[in-house]
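One structure is given below, encoded as structure tokens.
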Amino acid sequence: MVTHTEARHGPAGGGWVGLARYGRRHATQLATIAVGLVIWLIFVAGAPRTFLSPNIYQAFMSTTPFFALVALPLTMVVIAGEIDLSFPAVMSLGTGAFSFTLLYTNSLILASAACALAGILAGLVNGAIVAGLGIPSLVATIGTQFFWRGVVLVGTGGSGVSLVPTRGTAFYSAMVGRVGGAVPAQMLWTVFAALLMALLLNRHRFGAHVYLIGDNIESARLMGINVRQRKTALFVLMAVAAAFAGLIASLEVTYYWPTLGDGYLLTTIASVFLGGTSVFGGTGTIAGTLVACFIIGAINAGVVAIGLTGFWTQLIYGLIIVSSVTLQTVLSRRLT
Amino acid sequence: MTRPGAPPAGRDARKQREPDAVDAPDLLRLTGISKTFGEVQALQGVDFRVGRNEIVGVLGDNGAGKSTLIKIITGYHRPDRGGEIVIDGRRVADLTVARARALGIETVYQEKALADKQSLWRNIFMGRELVTALGLLDLGRMRRETRRLMSEEMGFTSAAVTPDTAVRTMSGGERQGVAIVRALYFQARLIILDEPTMGLSVSETQKALDFVRGIKRAGKACIFIDHNVFHVYPVADRIVVLDRGRVAGEFRKAGVTLEELTRRLQQVAQTGSLDGTPAAQG
């Protein structure tokens, strides 16, 4: 979006120069999309019957949102030069709060409020430790990850809660129903979240400050940006999104497991980096992360569909992540 | 930081200072400002003032407290209790960066204050982004303003540099230009230059000094921090010498020659005070 205006106002005019400049600026994102296309073509060639029917895409749209909803705000956290490793536990904490509140009060409204509050609380704790006390987020969120998981396990005694009573409610349809009988509602939530995050990141002062904090935190402070407040807001946003994603994942299977979130940690983080966000902070896009989430989400099903065993999945994850991150780095070094 | 056995020379020097004949309240007046970092006392009871349309040069070696002083004036550091900051005759108890900027105090930091990977326009409007009525960023206006500033103020003519160019691709002089224009754009009344000539070529240094003269002509005030007396002397109205966290002395340019000032500075470096000679004040 940014570059369209740029090309129009650019002294050299649009055309090839504008296109080249667009390519340079978005090299990493274009590389991600290219990788995604190549993988898709391999899958289509390897298992045309599966990959040319809508069913497989319906499956992607139903399961990818579980971690895409978290990867989107995590992108902003990483752009700001921080990381949040506590989200798997927060997914479980938020959904646990939802499930038990529902169990005892039978009120979807109270349960949803409990879920949101749990997310806000977890985010505020991370924010206070990282932004307030200045403890590196890598360490702080490893700690809170264990802590919240422990809270959940102690609180539930390790047993889950059935969410079957939500079935048939408007709430259930709105969260994980099939819109028009085909598109999973969580996919629409993901698109909505992506648009909201992109708006926040590219069209709001909040996002402008996120980029500046990640690029040069000292200069951001000198220029009067309230770094503490911005970082705290990022962690709250992140934790609320995690609680929401946990809820979606649990409603899809109508059961809440206290171990919810386990297994999402590395795939989610991988999606952010695969999407071209720099580990050093200061650069990254929402669109890149969204595409990367669907690449990661497609690999598992794709590997099985083209006739390999599920054991291949991780090997191929590794290959794709390493090769595309290498490609991105080489490209951005050459082009800028 | 304090040297045992040394007489409190800075304090005596301050008492002898000639009063300045300025009628209107000073733009900025600091009284008894101290700042301690852990066990290090970076500033000790510093008095400092800037008149309207006055160019004040601040000289001092590394560790003299120059940076701490300006970071207090810009609201980045909170001074220790007991001192007083008065802007426009009004006491400001809780000075923050945002408050200082709102009061018209702008700082051109060494080039470290730019966000390298970000575009020119993001750097110009850092912390003060323009927004539309809806509260969203006004990208079009920020890009247009940046383009105008580039051609009118920074003298960028190359077609390769656009408002969307990342500042890491620019030269030291160009980056200095970005930092200066950023300060000027927002109607500053007091512009603080933190070692603006550091790392610049001879011609770029001249440009920076011309810029200080431009501030004087525009009727604004300036604090010009440097450790090179040959850069400060030609453009300053008054020169304040900091040494080890204290004001070691100050000179009106009219009362001291460059040779005399240079000799005195060497004396400060050796003894920590200007009082080694009978004629202590210029």
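Using the three backbone atoms N, Cα and C, a Cβ is placed for every residue, glycine included.
Automated prediction, rather than curation, is the source of TrEMBL annotations.
Quick look at what TrEMBL annotates:
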| type | residues | note |
| --- | --- | --- |
| TRANSMEM | A:30-47 | transmembrane segment |
| TRANSMEM | A:59-80 | transmembrane segment |
| TRANSMEM | A:87-104 | transmembrane segment |
| TRANSMEM | A:110-134 | transmembrane segment |
| TRANSMEM | A:146-164 | transmembrane segment |
| TRANSMEM | A:184-201 | transmembrane segment |
| TRANSMEM | A:233-257 | transmembrane segment |
| TRANSMEM | A:263-282 | transmembrane segment |
| TRANSMEM | A:289-308 | transmembrane segment |
| TRANSMEM | A:314-331 | transmembrane segment |
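With Cβ pairs under 8 Å as the measure, the transmembrane segment (A:110-134) is packed most heavily against A:233-257, out of A:59-80, A:184-201, A:233-257, A:263-282, A:289-308.
Only sequence-distant pairs (6 or more apart) were considered; of these, fewer than three Cβ pairs between the transmembrane segment (A:146-164) and the transmembrane segment (A:263-282) are under 8 A, so the stretches are not in contact. Counting C-beta pairs under 8 angstroms (sequence separation of 6 or more), the transmembrane segment (A:263-282) fails to reach the transmembrane segment (A:184-201), with fewer than 3 such pairs.
Same-chain residues lying 6+ beyond the ends of the transmembrane segment (A:184-201) with a Cβ under 8 Å from its Cβ atoms: 58, 61-62, 64-66, 68-69, 72-73, 75-76, 79, 173-178, 207, 210-211, 241, 244, 248, 252, 285-287, 290. Listed as Cβ neighbours of the transmembrane segment (A:59-80) (distance under 8 Å, sequence separation of 6 or more from its ends, same chain) are residues 87, 91, 137, 176, 183-184, 186-187, 189-190, 193-194, 197, 200-201, 207, 210-211, 213-214, 230-231, 234-235, 237-238, 241-242, 244-245, 248-249, 252, 264, 267-269, 271-273, 275, 277-279, 281-286, 288-290, 292-294, 296-298, 301. Outside the transmembrane segment (A:233-257) by six or more residues, the chain places 62-63, 65-67, 69-70, 72-74, 76-77, 80, 82, 84, 86-88, 90-99, 115-116, 118-124, 126-127, 130-131, 160-164, 166-167, 172, 175-176, 186, 189, 193, 206, 210 with a CB less than 8 A from a CB of the stretch.
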